[in-house]
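Feature list (source: Swiss-Prot):
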type: BINDING; residues: Asp23, Phe24, Asn25, Arg38, His61, Met62, Gly63, Lys64, Arg122, Arg155; note: substrate binding site
type: BINDING; residues: Lys206, Gly297, Glu328, Gly354, Gly355, Asp356, Ser357; note: ATP binding site
Amino acid sequence: MNYNKKSIEDIDVKGKKVLVRCDFNVPLNEGKITDENRLVGALPTIKYLMGKGAKIILCSHMGKPKGEPKKELSLLPVAKRLSEMLNKEVIFADDDNVVGENAKRAVEDMKDGDVVLLQNTRYRKEETKNEEVFSKELASLADVFVNDAFGTAHRAHCSTVGVTNYLKEAACGYLIQKELKFLGNAVEKPERPFVAILGGAKVSDKINVINNLLDKVDTLIIGGGMGYTFLKAQGYTIGNSLVEEDKVEYSKEMIDKAKEKGVNLLLPIDNVVADKFDKDASPVVTEDQNIGEGYMGLDIGPKTAKIYSDAIKSAKTVVWNGPMGVFEFKSFANGTIEVAKAMADSDAVTIIGGGDSAAAVNILGFGDKMTHISTGGGASLEFLEGKELPGIAALNDK
């Protein structure tokens with residue numbers, strides 16, 4: 001995939017109507033936004049376009065309204081909050097069909113530097129099917145397209161891909177530009193040693209990532225629930241731990257592939273286990289890889305955490321996706337905490353691949369110590385798999 005895409009700074013936007021796909025899929029509680037990170041992330045692109053005298057038409061999805069208007073998934077709270085953040089009224093075009101009379105009138109009345117926000121793009125069933133009729137309607141409002149929603153870049157929808165069939169000038173905003181810079185460099189030309197850490201519950205979620213990264217990394221660290229399938233593949237007993245029986249054979253193949261490629265594959269050598277999946281369960285540390293009958297692994301053990309931390313400290317590039325244990329239970333959070341600490345203390349380029357790892361790092365207060373925290377869980381995973389992301393492929397090459 002070509003990561004060298006035109007950015008907003010490469011196109012002339014003065015006086016032009018610019019359709020900007022943002023990711024405003026934020027959590028709401030009784031109409032109040034409970035996490036503003038995605039709004040904050042969109043501000044640099046919006047402010048740049050305002051400063052250049054563009055007419056800015058923002059669009060985004062929120063939640064899964066499944067192709068029909070749902071009041072609780074309206075973007076009205078986003079328009080209100082953005083107005084406060086930008087010190088300028090963001091005009092909300094409240095059309096159930098997204099591109100209706102309100103939107104058309106609002107866009108017609110725009111002056112340079114004005115900002116309009118369209119209604120939730122997923123109010124239209126065509127959006128997720130990338131059907132031409134809605135792509136055309138969206139594109140008809142604008143002269144230029146800017147995509148700044150990395151979180152949906154792995155989806156070919158009307159507002160991420162379809163519009164580029166009608167708007168020939170298509171560039172990325174600052175958020176996507178940053179993602180491409182850090183994730184692209186990590187995958188294509190990392191500073192070595194390059195260490196990748198994969199956690200989370202399932203091998204099946206990360207099959208292609210493991211396979212692709214074994215061609216690129218110097219060290220691959222595996223923790224979390226998926227570690228037990230690997231331990232079983234090595235012939236250890238895993239008690240009642242989470243296991244994907246149908247992935248044991250695949251895990252053996254990956255262990256062999258690592259040897260073949262000269263990749264240092266690090267797997268747990270001890271575990272923190274309990275007799276039930278419960279936040280109040282008593283933690284027990286195993287002496288080695290084996291987990292006894294009646295117990296389940298819920299975190300990597302202290303010896304493993306030390307080995308993983310040392311590997312991270314000697315790296316020049318680190319990518320992390322997925323926690324090392326049941327991070328939400330205090331007794332089983334230590335593995336994740338130790339990995340996060342090692343990354344925070346490191347001078348390497350440190351990249352967090354969205355999702356649970358990003359949440360863990362932010363909860364621990366290490367967010368500002370990381371080089372880059374990806375804004376897209378699913379998109380960053382597909383990026384690490386080496387897949388082409390449709391929402392990025394559709395943008396103009398530099």
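Using the three backbone atoms N, Cα and C, a Cβ is placed for every residue, glycine included.
Small disclaimer: the values here were computed from a predicted structure and weren't measured.
Shown on the structure are the features that Swiss-Prot records.
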| residue | record | Cβ contacts under 8 Å, 6 or more apart |
| --- | --- | --- |
| Asn25 | substrate binding site | Arg38, Ser60, His61, Met62, Gly63, Gly151, Thr152 |
| Arg122 | substrate binding site | His61, Met62, Gly63, Lys64, Pro65, Lys66, Gly67, Leu73, Thr128 |
| Lys206 | ATP binding site | Leu198, Gly200, Met226, Asn321, Gly322, Leu381 |
| Gly297 | ATP binding site | Gly225, Gly227, Tyr228, Leu231, Ile238, Gly239, Ser241, Leu242, Pro268, Asn271, Val272, Val273, Ile291 |
| Glu328 | ATP binding site | Lys279 |
| Gly355 | ATP binding site | Asn321, Gly322, Gly377, Gly378, Ser380 |
| Asp356 | ATP binding site | Gly200, Gly322, Pro323, Phe327, Gly377 |
| Ser357 | ATP binding site | Gly199, Trp320, Asn321, Gly322, Pro323 |
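Annotation for Asp23 (substrate binding site): spatial neighbours Arg38, Gly41, Ala42, Ser60, Asp148, Ala149, Phe150, Gly151, Thr152, Leu175, Thr375, Gly376, criterion Cβ-Cβ under 8 Å with sequence separation of six or more.
Its Cβ placed at the centre, His61 (substrate binding site) has 27 other Cβ atoms within 10 Å. Overall, the recorded substrate-binding residues Asp23, Phe24, Asn25, Arg38, His61, Met62, Gly63, Lys64, Arg122, Arg155 cover a maximum inter-Cα distance of 18 Å. DSSP assigns Arg122 (substrate binding site) to a helical segment in the three-state reduction. For Gly63 (substrate binding site), other Cβ atoms within 10 Å of its Cβ number 14. The secondary structure of Gly297 (ATP binding site), as reduced to three states from DSSP, is extended strand.
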